[in-house]
Amino acid sequence: MSRKQLALFEPTLVVQALKEAVKKLNPQAQWRNPVMFIVWIGSLLTTCISIAMASGAMPGNALFSVAISGWLWVTVLFANFAEALAEGRSKAQANSLKGVKKTAFARKLREPKYGAAADKVPADQLRKGDIVLVEAGDIIPCDGEVIEGGASVDESAITGESAPVIRESGGDFASVTGGTRILSDWLVIECSVNPGETFLDRMIAMVEGAQRRKTPNEIALTILLIALTIVFLLATATLWPFSAWGGNAVSVTVLVALLVCLIPTTIGGLLSAIGVAGMSRMLGANVVATSGRAVEAAGDVDVLLLDKTGTITLGNRQASEFIPAQGVDEKTLADAAQLASLADETPEGRSIVILAKQRFNLRERDVQSLHATFVPFTAQSRMSGINIDNRMIRKGSVDAIRRHVEANGGHFPADVDQKVDQVARQGATPLVVVEGSRVLGVIALKDIVKGGIKERFAQLRKMGIKTVMITGDNRLTAAAIAAEAGVDDFLAEATPEAKLALIRQYQAEGRLVAMTGDGTNDAPALAQADVAVAMNSGTQAAKEAGNMVDLDSNPTKLIEVVHIGKQMLMTRGSLTTFSIANDVAKYFAIIPAAFAVTYPQLNALNIMRLHSPDSAILSAVIFNALIIVFLIPLALKGVSYKPLTASAMLRRNLWIYGLGGLLVPFIGIKVIDLLLTVCGLV
């Protein structure tokens, strides 16, 4: 579920952004953006010249100088406004989260158990390791792990999802978030963070941009822009002696205007806004990124590790067939399978009970009346079952049942091996049922591949992204599902160690890897991956290891995360192309105007036939300022993103933003020149 989206130019945000834009005129704020700092210095310089001309201390056209100075200040203000508006939208999202934080008291237990004596303490004084009790109606005071109890929790303040979730001790659903509310029952929680370090605190800080640092690509682009600025600065500085030698020195005001129009002010003014907006769009998708670096890395990802269950398949495997071993009746197999599944509360276990009922009218037995011992599934045994009336029935993976049979002195039938292979080749998961040391047969669990997922993987392949399915299934089953889903590769019988090794292997090849995870066993791989999206429903260890948290706990969101990252990189690249292409048109406007008196031959470059030198220079400066405002919506929303190959994407952007960057200034400057002339302002 996504949060309510703010209007692009929300009136209250615009007013606040205008105030912030004025505040950002101070040198300390301007110094952070070298390109706009040059414009700021130029504004100061031309302002001083305008004052000197107006007072008669310097010769020259004071009105023209004032106009140039004014529009240079407007250019700086517009750049500040773009950044302030992006930050304001993020802060508005953060303010909605701050409402979740409430000053409250917590019941700190003296001993780590329910019913122990408790002290009432302010929630903001809880430290890591403290034990607290929360009951129905209470706000959970800190991030932590449930060590006792189970409860229904309302997490809508964090996730935006109204449906309550169950949090209980043990397993992957023991993690709770401060600021959420208990709806029923009680929990004993061990705090896992100190004050100011909660997930909500970090979420607010990241959204507000308080910890936003420039990403590597942003730094590289900034260095390029600085280099271009220095080149144009040196080139402009040489023009004064060049024109003076020709007998008619160009004024400092004109040289400043020329410099400002030639340096890449458009992307320089919007660069910070693009980065802030990228993180804001990520939050709009209910994903919290810990840094801009994480969002940027998402755009560069070329390998996606995707969990099969819930991402590629619907995740609700259902029993579809009983396949008896040679000499075993199918009803006998179904009866044993149902008995072994009576205490199995997983969807797979329930489906086995239902299939036996549908096929052979085997009614569910009363669990209590059986006086049986149920054997739960464990990661070590990889099987479950029941001990009843001297019968030892187990169901589990092929390898686990094989070991069980051999340990009990039995022999695993060759025909069952063939049936297991047959089931696996069909893309189903085989479960083997055994009674004592006698193998009864195989249950086929069929998982359904999500509709449209194959087409999405084809789009990712076009973009040069490799998809790898991660599953605990055996190789045959994994291969069948991988072929049906259209993934490029798969990792079968995956363990935490195997996932970690696979990520390192891809990274050693120079690739960037993205993955999702929710369990403590996923933490090492999440920490190693370049883009690691932890599920909000997962453990605290997983959330700390990842660099993003999906509040919806939807593994499929990883594909959307990559799209948002690529859109941010495309936006930055497109606007950089547009900004640099702009310079060509502004060159044709200002150079002839500035030097036409000294070198009349340069009039040949006045292809726009602008009215006069003053109107040409002023029109270029005005266009240079206004284009920033017109591009703010594009910087905040991002350019239109389509899954294309890198070469096709480059061609598309060059046509739209390269050619557009050349043509738009010619049209814009000419229109402004006509308006200035018609209004008699030049």
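Positions of Cβ are set from backbone N, Cα and C atoms, glycine also.
Going by Swiss-Prot, these are the annotated features:
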- 34-54: transmembrane segment (TRANSMEM)
- 62-82: transmembrane segment (TRANSMEM)
- 219-239: transmembrane segment (TRANSMEM)
- 254-274: transmembrane segment (TRANSMEM)
- Asp307: active site, 4-aspartylphosphate intermediate (ACT_SITE)
- Asp344, Glu348, Phe377, Thr378, Ala379, Gln380, Ser381, Arg382, Met383, Ser384, Lys395: ATP binding site (BINDING)
- Asp518, Asp522: Mg(2+) binding site (BINDING)
- 588-608: transmembrane segment (TRANSMEM)
- 616-636: transmembrane segment (TRANSMEM)
- 656-676: transmembrane segment (TRANSMEM)
Tertiary contacts of the transmembrane segment (616-636) (same chain, 6+ residues out, Cβ under 8 Å): 8, 64, 67-68, 71-72, 74-75, 78-79, 81-82, 85-86, 89, 254, 257-258, 260-261, 265-266, 269-270, 273-274, 277, 280, 571, 575, 578, 582, 586, 589-590, 592-594, 606, 608, 610, 664-665, 668-670, 672-673, 676, 682
Of the binding-site residues listed as Phe377, Ser381, Met383, Lys395, the one whose CA lies nearest the CA of Asp518 (Mg(2+) binding site): Phe377
Long-range Cβ neighbours of the transmembrane segment (219-239) (under 8 Å; 6 or more residues past either end): 34-35, 38, 250, 255, 258-259, 262-264, 267-268, 271, 572, 576, 580, 594-595
DSSP-derived structure type at Asp518 (Mg(2+) binding site), helix or strand or else coil: coil
Nearest of the binding-site residues (Asp344, Phe377, Ser381, Lys395, Asp522) to Asp307 (active site, 4-aspartylphosphate intermediate) - Cα to Cα: Asp522
Least Cβ-crowded entry, counting other Cβ within 10 Å, from the recorded positions listed as Asp307, Asp344, Asp518, Asp522: Asp344
Asp522 (Mg(2+) binding site) versus Met383 (ATP binding site) - Cα distance in angstrom: 22
Which listed residue (Ser381, Met383) has most other Cβ within 10 Å, given these are binding-site residues: Met383
Cβ-Cβ distance under 8 Å to Lys395 (ATP binding site), same chain, at least six residues away: Ala337, Ala340, Ser341, Ile352, Met383, Ser384, Gly385, Ile401, Leu431, Val432, Val433, Val434, Ile443
Long-range Cβ environment of Phe377 (ATP binding site), under 8 Å and at least 6 residues apart: Asp344, Thr346, Met383, Ser384, Gly396
Asp522 (Mg(2+) binding site) and Ser381 (ATP binding site), distance between Cα atoms, whole Å: 20
